[in-house]
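**Q** Handing you this structure, nothing more for now.
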Amino acid sequence: MLLCIDTGNTNTVFSVWDGEKFVGLWRISTDHRRTADEYFVWLSTLITLQKLELNIDACIISSTAPRVVFNLRVLCNRYFDTRPLVVGKPDCLLPVAPRVDFGTVVGPDRLVNTLGAFDRHGSDLIVVDFGTATTFDVVDTDGAYVGGVIAPGVNLSLEALHMGAASLPHVDVTMPAKVIGTNTVACIQSGIFWGYIGLVQGVVDKIREERERPMKVIATGGLAPLFDQGFDLFDAIEDDLTMHGLRLIHDYNKEMGNG
Ligand SMILES: Nc1ncnc2c1ncn2[C@@H]1O[C@H](COP(=O)(O)OP(=O)(O)OP(=O)(O)O)[C@@H](O)[C@H]1O
Ligand SMILES: CC(C)(CO)[C@@H](O)C(=O)NCCC(=O)O
Ligand SMILES: [K+]
């Protein structure tokens with residue numbers, strides 16, 4: 001069975017592919033100080049609680065936080081007796097290479113998302129990920145990542161308002177009933193919600209204009225459903241896109257006789 005690990009800047013998600021489906025999905029906050037032993041105690045407790053019989057014999061990691069990888073590698077070596085594939089490292093093969101400026105290190109989450117989305121939806125895609133950052137990844141006809149857009153994430157923007165302005169409280173994002181807020185919280189919620197609707201719509205339109213062709217929009221990340229309430233922004237929402245991409249990359253490496 002394959003253990004897939006997706007480390008974002010805020011959360012790290014673990015899931016296991018049993019050969020037919022993903023079993024279990026476990027989320028822990030990202031912290032580079034967490035040791036292999038800590039991960040294992042946490043993970044094995046949850047696996048036991050769910051009465052799952054897991055035989056992990058392969059691991060793949062995507063991490064947007066480079067410092068976290070060391071301890072995740074130790075986890076895979078020590079507790080699962082395997083050498084993990086790490087997306088973005090030279091010894092992890094990708095079905096198609098990204099086409100970006102020389103020397104650019106593309107976020108591994110973006111590479112994984114684009115490969116996952118290309119497998120399910122074919123070419124000419126815009127993948128929108130509502131994570132710590134809100135990213136737009138453009139997928140070309142051959143499935144290659146050819147660039148995109150990085151904007152601050154929704155929760156990061158809310159946090160920044162609270163941090164930077166003494167009288168603004170911390171607010172959770174929701175869809176406000178009206179655009180014009182009549183109290184501070186409603187004003188912030190409106191700014192964030194309608195601001196991001198406008199951001200997504202505007203960026204998608206601009207990308208389509210620049211590419212001069214129709215492009216499907218695939219959304220992923222915890223907040224994607226919130227921004228889809230009746231606005232027709234996305235052709236599909238897939239909460240398992242990153243896990244799907246990780247599994248594909250693992251299978252591809254196996255096919256190529258790598259690891
Ligand atoms: N209504 C909501 N308001 C605030 N946060 C929400 C809401 N719904 C979901 N979330 C958050 O979305 C997150 C899940 O999203 P996701 O895993 O895509 O991104 P992340 O963990 O924040 O970022 P990263 O992947 O960069 O670490 C959860 O942390 C959850 O708290
Ligand atoms: C943009 C984030 C933070 C989104 O998770 C991540 O993909 C990242 O750190 N990327 C590196 C820079 C780039 O993708 O061009
Ligand atoms: K993510």
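Glycine is no exception: its Cβ is also placed from the backbone N, Cα and C atoms.
Note: TrEMBL annotation is automatic and uncurated.
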**Q** Out of Thr82, Thr104, Thr114, Thr132, which does TrEMBL tie to the same ATP site as Asp6, Thr7, Gly8, Asn9, Thr10, Asn11, Thr12, Val13?
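**A** Matched candidate out of Thr82, Thr104, Thr114, Thr132, per TrEMBL for ATP with Asp6, Thr7, Gly8, Asn9, Thr10, Asn11, Thr12, Val13: Thr132.
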**Q** Please name which of the recorded positions listed here, Asp6, Gly8, Thr10, Asp109, is nearest in space to Thr184 (substrate binding site), Cα against Cα.
**A** Thr10
**Q** With respect to ligand 1, which members of the recorded positions Gly8, Pro108, Asp109, Arg110, Asp129, Thr184 satisfy a Cβ distance under 6 angstroms to one of its atoms?
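**A** The ones that qualify, in sequence order, are Gly8.
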**Q** Report, in whole Å, the straight Cα-to-Cα distance of Thr12 (ATP binding site) from Pro108 (substrate binding site).
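**A** Cα-Cα, rounded: 13 Å.
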